[in-house]
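Shown next, in structure tokens, is the structure this report addresses.
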Amino acid sequence: MAQPPPDVEGDDCLPAYRHLFCPDLLRDKVAFITGGGSGIGFRIAEIFMRHGCHTVIASRSLPRVLTAARKLAGATGRRCLPLSMDVRAPPAVMAAVDQALKEFGRIDILINCAAGNFLCPAGALSFNAFKTVMDIDTSGTFNVSRVLYEKFFRDHGGVIVNITATLGNRGQALQVHAGSAKAAVDAMTRHLAVEWGPQNIRVNSLAPGPISGTEGLRRLGGPQASLSTKVTASPLQRLGNKTEIAHSVLYLASPLASYVTGAVLVADGGAWLTFPNGVKGLPDFASFSAKL
């Protein structure tokens, strides 16, 4: 069984890195990464930069991406532009893309990684809470993709990788909001792959499973997630890590996947095949509510 690559829990760069791919795989490309200031998005930015790519990392929190950009540039020697941007606001997206194009003159890759999630029964989920997740995950993915298509990809081609989930593959308790949003993004991936393929634009999804060192796992799995029977009973019997997910995204974004479009690559150690759907846990959330 292949051993996972080394990773670190927090939003810090790897102390050492061994290239599994050619070090100049993305030499002088530019990647625009939403949600790039933390978690999976941060590690994607780092791995891309370790393969020669410059990055733009965008998040609502400017202090977060400023700190992240300093770490990333210091560890990799590549350029990283931090931008404050709310994916739900098309004017903010347009301004951010314009700034990125002014800085680099091009954008070759878009990684849609901004997302929101929490546990809540459907009957206790406020209308606004459901809408908020749909706005960030689904509308946000379309907004950034649409703006980049108009401003650069339509005339120059490009690659889009949408970070989704396996929640929509079957019914999952406490996740109607995130499952619906991510399933919609997977459908969007297929539609855009069909429409934009003739402009030399590839569009794919990457669906991670439970990943250590992420805010998502802390919210959904708790501090003992790695010891959960759900994890130990999954095919690979462990959590994934952020570097593994970044490697999968690197493949999809690179020339290695030049004939891959409209696909959903699941990188979850087979977890969705064996994880229970959470119905037995519903009584524990009987008095729970979410009113964002």
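Cβ coordinates come from backbone N, Cα and C, glycine included.
Predicted, not measured: the structure shown is a model, and the values here were computed from it.
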Swiss-Prot records R60, R88, F118, S126, F127, N128 as substrate-binding residues. Which of R218, R219 is assigned to the same site?
R219
Where does the phosphoserine label fall among S84, S287, going by Swiss-Prot?
S287
Among K102, K151, K280, which is the one flagged in Swiss-Prot as N6-acetyllysine?
K151
Counting other Cβ atoms within 10 Å, pick out the least crowded of the recorded positions R60, R88, K151, K182, R219.
R219
Which number gives the other C-beta atoms within 10 angstroms of the C-beta of S38 (NADP(+) binding site), all protein chains shown included?
20
Candidate recorded positions A2, R88, S126, F127, R219, pick with smallest Cα gap to S38 (NADP(+) binding site):
R219
Let me spell it out: for each of the binding-site residues (G35, P63, P210, G213), count the other Cβ atoms within 10 Å of that residue's Cβ, using every protein chain shown. Which one has the most?
G35
